[in-house]
Amino acid sequence: MLCPTKRLFVCINLYVNQIVEIVYCSVAIVCMVDPDVDNLGSAYTNNSLLTRQNIPISCHKHTTQTIRSPGQVLNWPKETRGIFLGSFYWGYALTQIVSSIAVNYFGPKRFLAMLIFMSSLATVLLPIISTWSSPFIVLLRIVAGAAQGGLWPTIFRFWSTWAPASETTTLLSFQTAGLSMGTIVSLMIGGLFCTFSLYDAIPFIFRHGWAYFFYLLGGLGIVWSVVWLIFASDTPAINKYISPDEKEYIRGCKADEKIQDTDTKIPWSAIFRSQAVWCILLAMFFCDFGLYAIWAVVPEYMNEVLLFSIRENGFLSALPHIASFIVVMTTGRLADYLIEKKYLKRVNARKLFHGIGTLGPAVCLLFISFLDCERRYLAVMLLIIGVALSGFMMSGGDVVNISDFSGVHSGVVCGIGNTVSSIAGFGAPYLTSIITKHVRI
């Protein structure tokens, strides 16, 4: 039984740390950057949009409602925006495999705290250097990505000692739901922060709402790293806050596994000759390409194609992730139930959930590509359905499948997979910026 236990507390803690994840920049960039720096021919007077290119006549009523953010002061062309959003994944790819090895030497407790602290510090510093030349900004994002790149390998290594097999999917799906919750918080709060700006006499780094957005998220991450160091431990056996009953329960469940040996030799040859590993790598690359594109582009899509105001943008961009959060929270337990009651074999459950989580969103995105601001609420509805269905993949598909067959080496396999999928991470935003260079997304 999962609740109330130390495992549940740890899961909630890991869940909360996802709030400082990737998505905050995708909504912040809508507030930070002058959307007409590419000289598309739009004109503004008194912060109201007067003209836009390639907008259906029936949508003109929406343009009068689209109010610019007072903080849109950075002159970044679309290529720079694409590089800014994608550069996170350059660092993200660099540290995946290295982190999966390093965590075995440092232990997941200290290593995870260090990663979150580094990422959070980079987040706090970003508004301060935002007016510097773009290479400095990109470098800071690479540092943040490098720190975040070690999270998943470290988390998988952590759960290899803490999660009984019967609870693995539930715990991982609950913690994975933190991605959705982090996205929801980032988008909704970010939309509110974007709407205010203080007096010009105030220094730039404290003048605009989006800067406080970065300070808030970075500050939360720094606090989280301290809390984690106080309450977490590498294994249940050495945790002073866990009850004797729970400690004995985990020890009994893990009796057959040699999980306490952090110096276990990594079987590189067996890993790269494994058909299961190669299937996971392909699945992670193609699935994450779509997810990363959605995370990076949706706020701009809401603003430039569907013509929602910045305040509406934050709320509506969050709705798909609210739906995904609900799906992930419920389907993780459903997957464990189907397997435990022997309604489905573990491998068949993974295939079913992964199929729903990939084919469903693909169909929805295909239909969305034919919609514009004339049917903007239909586009939002399809986006909600598509992202919600992707929750099946995160709770019962390729993500948790790694722990099914790789055990103590799950961190290494996860690191390899995330390295491959990171190519999609920096490719999707930049490719989008190139395709839409001379038009609004």
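Cβ coordinates come from backbone N, Cα and C, glycine included.
Predicted automatically and left uncurated, TrEMBL annotations should be read as such.
As annotated by TrEMBL, domain 'Major facilitator superfamily (MFS) profile' applies to 40-441.
What TrEMBL lists as transmembrane segment is 83-106 (among others).
Taken from TrEMBL, the feature transmembrane segment applies to 111-130 (among others). Proximity of distant same-chain residues to the transmembrane segment (111-130), defined by a Cβ-Cβ separation under 8 Å and at least 6 residues beyond the stretch ends, is recorded for 17, 20, 24, 32, 74, 99, 102-103, 136-137, 140-141, 143-144, 146-148, 150-151, 154-155, 158, 205, 208, 210-211, 214-215, 217-222, 224-226, 228-229, 232.
Residues 10, 14, 17, 21-22, 25, 83-84, 87-100, 102-104, 108-109, 111-112, 115-116, 118-119, 122-123, 125-126, 129-130, 168, 171-172, 175, 234, 402-403, 408, 410-415, 418, 422 of the same chain, all 6+ positions outside the transmembrane segment (136-159), place their C-beta atoms under 8 angstroms from a C-beta of that stretch. As annotated by TrEMBL, transmembrane segment applies to 136-159 (among others).
Feature annotation from TrEMBL assigns transmembrane segment to 171-198 (among others).
Residues or ranges marked as transmembrane segment in TrEMBL: 210-231 (among others).
Sequence-distant contacts of the transmembrane segment (276-298) (same chain, at least 6 residues past either end, Cβ-Cβ under 8 Å): 22-23, 26, 85-86, 89, 183, 317, 320, 354, 357-358, 361-362, 365, 383, 387, 390, 393, 397-398, 401-402, 405-406, 413, 416-418, 420-421, 423-425, 427-429, 432, 441. Taken from TrEMBL, the feature transmembrane segment applies to 276-298 (among others).
Among the features that TrEMBL reports, transmembrane segment is placed at 351-371 (among others).
The annotation transmembrane segment is assigned in TrEMBL to 377-396 (among others).
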Contacting positions for the transmembrane segment (351-371) when only residues 6+ beyond its ends and CB under 8 Å are counted: 283, 286-287, 290, 331, 335, 344, 378-379, 382-383, 385-387, 389-398, 401
